[in-house]
Structures are given as C-alpha cells and as structure tokens.
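Undergrad: What Swiss-Prot shows for this protein is this:
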type: BINDING; residues: ASP13, SER14, TYR45, SER46, ASN78, THR79, THR189, HIS190; note: substrate binding site
type: ACT_SITE; residues: CYS77; note: active site, proton donor/acceptor
type: ACT_SITE; residues: CYS188; note: active site, proton donor/acceptor
Amino acid sequence: MNSPYQPTILFFDSGMGGFSVYKETKQLLPDCHYLYCFDNAFFPYSEKSEEEIIQRTLKICQKIDRTFPLDLIVIACNTASTVVLPALRAHFAIPVVGTVPAIKPAAECSETKHIGLLATKGTVKRAYVADLIAQYARDCTVEKLGSTKLVEIAEQKLHGKAVDLHALKQELAPWQSIQNLDTVVLGCTHFPLIKEEIKWCLPQVRFFVDSGKAIALRVKTLLSKIDIQSKTNEKNLIFCTQFFEDETQFQKVIHFWGFEQLINLNMKA
C-alpha cells in the first residue's frame, strides 16, 4: 500500500449481515475509507436465481465505482460469493474478496468430528460448498441447515428490535438433540451478529466459527500489494437500494457502526 492516501473499500451484501465482516476489517485497518452497500430492495439473495444475483451485484458495484473509485471490493455475503466472484473479477481490475464458509477451521477444531453448517438455503445447496466439505471435512459428519428466518431475525436486531428467541429456537430445533455436535460454522455473515442468541439455543456446541477475521487479514495482505488509486478524504458512507419505514432509527444504527450518511441508490437510473 505505497500511497499517502487511504484505500476505498466497498463491502457489499443483500442485507446488513456484512457488518460482521466490516467490523473485523475496520478493527484491523481503522483508517481506510469504507463504503457499505446493502441491496435491501432485493433482499434476501437466498431466494433469488444465480443469474439475478450476478447481474444485480455487478450493476450496483459498477454504479458505486463510477462515483467513488474503488480499490478493493468485499462481497460480504456467503450466498453471493458462491456465484458472483468470476463476473466481478472479470470486470474489475481491483481485488475482489469473497466470503467462504469456514469449513476447514471448523473441521480442524472439532473434537467430536461432528460439525454443523448454518447458512442460507442458497448457500447450503451450492456445489461449491459440497466441494469445500469434500476437501476439508471428509473425516467429519456435517449437518447442514439452511435458514432464511435467521437472516430476518439478525436484520431485525440491527434495526433495534428484540430478538425473538422462541422463533430462533424453533429454527434451530433440528440440531438441539444432536449431543455430539460440538462445532458450528456460521456460514452467513448475518449469523455472527446473533451468535450469543444462537449459543443459547445450542448449549452443547463448544465452537462457533466464521470467516470475519480471515477476510480482514486477506484484505490487509491484498492492500499491501497494490497502488492505491482513489485519492479521497471522504467520510464513510452506507448505501441502500430503497428507503424503509424506520429510517430515523436506522440513522442511529449507521452512526454506531461508523458511517456518516445513508444514501439511496437509484438503480432505475
């Protein structure tokens, strides 16, 4: 990172789960220029086709890059990362970092060799994830649970609403009786944001692993190898694709996470 200027990094997700990845990166690299975009008009991505996700993600990243030249993009969404990375890397000359379920570290730390992958419905069914399991967790029994409801619960928490523990427990019910399940992969960036609540529902689980710290280290490594293109002292900004009813409450949320302004992207323009 041979530049007096701070790099501009875009974090992208369909919702606000990417805050968990952004948090780890900002702790490691506090002085970067951070942009965050959540495509709430298209939320959740787990319910969309692969082609829709690819076209939507590419269009939004291009639009932001035209106004705020980017040095690095983090796709802070496991579902999107399983399908969009080749298209983004083909279009952008800058590094694009994806979010991969932490199957390998989970398999390494599990003592019972019985692990669970908690992710979105879209992520658990991808061939990419099956390949990760085959490569890194061949000696493990791997339970897979795909949930849209947990994503919604995490979003509600970020909007300042109480977590519905009854609904959370119901969603995790298939795993509550598996006593030798000792490690859970939080395979959606939303889930670290409700990790304590998930722990309460699964008391037998000893280890919860996610990709946040590994992504932060990857970002640091990549930035050390590139020349910074953006020359800006802009404040940290957050983008959405449609405004919502509790916008006033959400302004408090974005300031808490270190962003100065919420901007609505007009994707029809």
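For all residues, glycine too, the Cβ spot is worked out from N, Cα and C.
Since we're looking at a predicted model, the values are computed, not measured.
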Undergrad: If I take the alpha carbons of THR79 (substrate binding site) and CYS188 (active site, proton donor/acceptor), what is the distance between them in whole Å?
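TA: For THR79 (substrate binding site) versus CYS188 (active site, proton donor/acceptor), the Cα atoms are 8 Å apart.
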Undergrad: Run through the Cβ atoms and count how many others sit within 10 Å of the one on HIS190 (substrate binding site).
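TA: I get 30 for this one.
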Undergrad: Beyond ASP13, SER14, TYR45, SER46, ASN78, THR79, THR189, HIS190, what residues of that chain have CB atoms within 8 A of the centre of the substrate site's CB atoms?
TA: GLY15, GLY17, GLY18, PRO44, CYS77, ALA80, THR120, GLY122, THR123, VAL151, CYS188
Undergrad: Just name the winner among SER14, THR189 (the binding-site residues) by count of other CB atoms within 10 A of its CB.
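TA: Counting Cβ neighbours within 10 Å, the top one is THR189.
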Undergrad: Could you state, as a whole number of Å, the largest distance between Cα atoms of any two of ASP13, SER14, TYR45, SER46, ASN78, THR79, THR189, HIS190, the listed substrate binders?
TA: 13
Undergrad: May I ask for the distance between SER46 (substrate binding site) and CYS77 (active site, proton donor/acceptor), taken between their Cα atoms and rounded to an integer number of Å?
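TA: Counting only the Cα atoms, the answer is 10 Å.
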Undergrad: Taking CYS188 (active site, proton donor/acceptor) as the reference, which of SER14, TYR45, CYS77, ASN78 (the recorded positions) have a CA within 10 A of its CA?
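TA: Correct set: CYS77, ASN78.
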Undergrad: Which three-state DSSP class does SER14 (substrate binding site) fall into?
TA: coil
Undergrad: Where CYS77 (active site, proton donor/acceptor) and THR189 (substrate binding site) are concerned, what is their Cα separation in Å, rounded?
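TA: Cα to Cα, CYS77 (active site, proton donor/acceptor) and THR189 (substrate binding site) are separated by 6 Å.
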Undergrad: How many other Cβ atoms are found within 10 Å of the Cβ atom of ASN78 (substrate binding site), counting all protein chains shown?
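TA: Excluding its own Cβ, ASN78 (substrate binding site) sees 32 Cβ atoms within 10 Å.
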